[in-house]
Amino acid sequence: MDLEKNYPTPRTSRTGHGGVNQLGGVFVNGRPLPDVVRQRIVELAHQGVRPCDISRQLRVSHGCVSKILGRYYETGSIKPGVIGGSKPKVATPKVVEKIAEYKRQNPTMFAWEIRDRLLAERVCDNDTVPSVSSINRIIRTKVQQPPNQPVPASSHSIVSTGSVTQVSSVSTDSAGSSYSISGILGITSPSADTNKRKRDEGIQESPVPNGHSLPGRDFLRKQMRGDLFTQQQLEVLDRVFERQHYSDIFTTTEPIKPEQTTEYSAMASLAGGLDDMKANLASPTPADIGSSVPGPQSYPIVTGRDLASTTLPGYPPHVPPAGQGSYSAPTLTGMVPGSEFSGSPYSHPQYSSYNDSWRFPNPGLLGSPYYYSAAARGAAPPAAATAYDRH
């Protein structure tokens, strides 16, 4: 079927620049498809023709056919959309007045709350209600600032003046704080403008020979001259910075000059107090400690040799097994009451049939000074006894 005879293509002489698409159809840039072609696309679609076949028969691009059919299925219309236009205006004077009224009643009202209230009071319907972003734009442009009213030029100056005042106050506070040099020396710092002017003058008066802007000690001294520090304070600061770092103030060897007594007065008093405390701790007297507190007590040192002859309160004495050297009867009688223990050597019936080598497989245990007295041990190595005495 030849559609060119029934549906002539539009001319391009009066409507603008045109062209021929890949299918051989003629189109005009910026103009919609003619209504007769649109109607034919819908008719072929109702007949069950596929969009790709419609595109080839009518020589219209596949995207154009799909767009026309999609709009027809959604809205039932084959009319073209507005080209270069926008959505219908929702910010009508009535809506703007209502939004302004809501903001005057409640300045903290959110945009979504305004939108819900417009729908609740039937000022707008679902199609004409402005979006949240549109309401925010209306509030910024038309509610907070009335139309035809210029922005006051003094607002910028007010903001800048406030910021300058705040910065200057912060600078003044930091200069007068206790962590600065002025705060340590107890000097009242002048205004920030005076300090800035003096710094600028110092930079101009003291050029650096190598061309860099890093100041040296001479520049700092020249900068600090004037009302900031006196000559005596400058000398004190120079001595402090020339002093060797990490030096011990109690063992310094340099002689202290008369003008340096103020620097070391606090340090000397602290050192003197520490010396007195050391002396008091080294030689305590009953008068200093107090009569109610007992003095230091000394306890005898019990070595490994005499450990066998000592007992702890509440525990029975240590009695070595039979055949390994035992205590005499008077010794046991003096250590514990006779009614509790007998004078015969201690033996257990369970181990009566075993010899000593089975009960003590390690011969080193038999030579330990812990189990024997001085008489039963015999000639023991002096190094072992000495090592045990230390522990």
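The backbone N, Cα and C atoms fix where each Cβ goes, glycine too.
The DNA-binding region feature in Swiss-Prot is assigned to 16-142.
Residues annotated as region 'Disordered' in Swiss-Prot: 1-21 (among others).
Per Swiss-Prot, the feature region 'PAI subdomain' maps to 19-75; the stated evidence is sequence analysis.
What Swiss-Prot lists as region 'RED subdomain' is 94-142.
Feature annotation from Swiss-Prot assigns region 'Disordered' to 182-218 (among others).
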Tally of residues which DSSP labels helix, strand or coil - the region 'PAI subdomain' (19-75): 34 helix, 5 strand, 18 coil
PLDDT averaged over the residues of the region 'RED subdomain' (94-142): 90
Secondary structure tally of the DNA-binding region (16-142) (DSSP, helix then strand then coil): 68 helix, 6 strand, 53 coil
